[in-house]
């Protein structure tokens with residue numbers, strides 16, 4: 001089982017870390033990876049109609065042999081059929097009679113917020129999903145939805161990391177006021193896809209102090225904001241690393257503030273990111289460095305030979 005839950009505004013318990021099948025896993029057979037995540041302690045599995053991974057999630061659940069009650073399954077409505085038709089298709093693919101959380105994948109998929117959300121509310125009453133939520137909703141989207149909603153979304157899943165925290169503060173505050181749990185995806189992109197930025201130094205310093213990895217510090221920072229996490233990895237060691245976050249010493253208020261401030265400065269330039277990526281490529285490929293050195297030596301030799309001939 002994953003470490004820890006929070007209580008949603010509908011009274012249901014929500015595991016604070018989920019294994020996601022989007023990102024680099026969408027449109028692929030993820031049966032083995034989902035199975036590995038379950039074996040290593042993830043109880044919350046996140047999929048979506050759009051990802052085209054629901055069938056594989058269902059296979060992994062079946063192969064795990066675990067009772068339905070020990071797993072928390074999230075999927076999302078994305079396109080095509082009405083929400084009720086779509087959730088039935090998703091349930092058939094996963095092989096379940098209900099999901100724990102059914103979400104609107106993005107505001108654009110609802111042609112009409114009022115009637116669309118009413119369908120979600122009805123599906124919850126009918127037991128097809130225990131909780132209903134949204135994804136990628138802004139403050140304005142939520143305000144529009146709540147004008148006519150009888151049931152508030154239990155969760156809003158958003159892209160969230162140190163470099164967009166400043167622009168998301170109002171959204172986090174609004175969700176907290178409305179008792180809507182925020183769940184973050186893409187949190188590690190701040191250091192994995194934007195290396196060399198101002199966040200790196202403060203994250204590395206905190207990691208050294210508490211004996212953690214930079215990834216764990218980022219997740220600890222996310223949790224310090226009261227935000228849940230959805231993440232993914234093909235590596236067993238990474239999965240264990242992520243689940244261990246709740247057992248680490250907490251970040252200090254000063255460390256949290258330092259990450260906030262560093263994130264507000266914005267990500268590194270594309271030039272810095274490219275330079276670091278090339279450096280890492282060289283570090284992983286010693287032969288590439290050797291051939292580059294040979295090419296440089298050959299270029300100099302060719303230059304001096306040509307110069308000597310010109311002087312003759």
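Heads up, the Cβ atoms here are built off N, Cα and C, so glycines get one too.
The annotation domain 'NADP-dependent oxidoreductase' is assigned in TrEMBL to 20-262.
Marked as active site, proton donor by TrEMBL: 51. Around residue 51 (active site, proton donor), taking its Cβ as the centre, 23 other Cβ atoms fall within 10 Å, counting all chains.
Cβ neighbour count for residue 76 (site 'Lowers pKa of active site Tyr'): 28 (other Cβ atoms within 10 Å of its Cβ, all protein chains included). The site 'Lowers pKa of active site Tyr' annotation in TrEMBL covers 76.
Here residue 105 (substrate binding site) comes close to 48, 49, 50, 76, 77, 78, 135, 136: these same-chain residues lie at least six apart in sequence, with C-beta atoms under 8 angstroms from its C-beta. The substrate binding site feature in TrEMBL is assigned to 105.
The transmembrane segment annotation in TrEMBL covers 288-306.
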